[in-house]
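Notes to accompany the following structure.
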Amino acid sequence: MTRVALAFSGGLDTTVCVSLLKEEYGYDEVIGVTVDVGQPATEFEEAQATADAHGIDLHVVDATAEFVDLCFDSVRANATYQGYPLGTALARPIIAESIVSVAKAENCDALAHGCTGKGNDQLRFEAVWRNSDLTVIAPIRELELTREWEQEYAAEHNLPVQAGNDGVWSIDTNLWSRSIEGGKLEDPNYTPPEDVYEWTADPATTTETELITIGFESGYPVSINDNAHDPVELVETLNEVAGEHGVGRTDMMEDRMLGLKVRENYEHPAATTLLNAHKALEGLVLTKDERDFKRHIDSEWAQKGYEGLVDHPLMDALEGFIDATQQRVTGTVTIKFEGGQARPVGRESAAAAYSADAASFNTSSIGEITQQDATGIAKYHGYQGRIANAATETDTK
């Protein structure tokens, strides 16, 4: 008996895939796998209902803790891609690994997903899956199916498809972000209606302000207002608190890996808050040279994270540098929520690379260094440029 493990949500794509894997690919049994990375409970209920109607076994894997751990690694790397905090991208390798584990435990011959041939997720899933000895199947891509064809196929075969949000938008939710795309949003000039947002209040209507303090240890968020939280609880709390102030909305034209531009809307209140706080603490603790060089490292980490290549050998090297810098990133940051913003307004650390006395306008010297000692440096500063400019002026006369 041949058996295939399908990444299963209960939506149109994966529901159609169940039938296609049997009819077109000849598999005897399809096993559905749904991985919990912080989706709403209704999504699991819908997946189970669809699986039951299809008569297939559904395995639900809780990978929430592993996912948030990876998100916290991304905080240490200040990781965003074109301005958004990588929630969807980071979830995919976690989901893919979980599906491989189930497939091996259930003696499956193959792995399957319902991704199209136009998106990023096919690449992220398969980057993980092709490390296994299992066959990889992508029915939607391989059979070149369209959404319209799938809808007709489901209707003709009376397939159980959960309505979800009635197909108005394509929505993907996890603890780190909520993405909204498709439908009228495919028009770059279309203004999203306020009801597409669920996590964040309208920033234009939020009038209250609130201060919170976030604690970090070695670059990892560990507390809110001096109360320790486990990673999952900390993110859940900040999503609620920051979301009430309208924090964490992104409306962007995203450049996908295949070269396509796509209109995306994201909500990510906790991610925005933690990234802003972490950058503020690094600004207090790290030297200028460390901060300048780390920007390059962070950018590479974010790119690999966006591509779903979190196990790439380069990531080990990047993590080595990041880990070395983060040993001193311990302290607290005060964040002010106001008008859709999460703004750092205070930071404190025993490892601060900062001297209030040295920076003060009320002191004339720094130890043995006086203000007059800067005169020689000031004379040399820009000297090469002045010579070059003078030579250019001479040549043009």
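Cβ atoms are placed via backbone N, Cα and C, with glycine included.
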Do you know which of Ser74, Ser179 Swiss-Prot groups with Tyr84, Asn120, Arg124, Ser170, Glu254, Tyr266 in the L-citrulline site? Ser179
Just to be sure I read the record right: Ala7, Phe8, Ser9, Gly10, Gly11, Leu12, Asp13, Thr14, Thr15 are listed as binding ATP in Swiss-Prot. Which of Gly83, Gly87, Gly114, Gly117 is listed for the same site? Gly114
Please name which of the binding-site residues listed here, Thr116, Asn120, Asp121, is nearest in space to Gly11 (ATP binding site), Cα against Cα. Thr116
Rounded inter-Cα distance in Å - Asp121 (L-aspartate binding site), Ala7 (ATP binding site): 12
For Ala7 (ATP binding site), write down the residues of its own chain that are at least 6 apart in sequence and whose Cβ falls under 8 Å from its Cβ; none is a fine answer. Thr14, Val33, Val35, Ile95, Ala96, Ile99, Leu111, Ala112, His113, Gly114, Phe125
Relative to the Cβ position of Tyr84 (L-citrulline binding site), how many further Cβ atoms are located within 10 Å? 23
Once the chains shown are all counted, how many other Cβ atoms turn up within 10 Å of the Cβ of Tyr266 (L-citrulline binding site)? 27
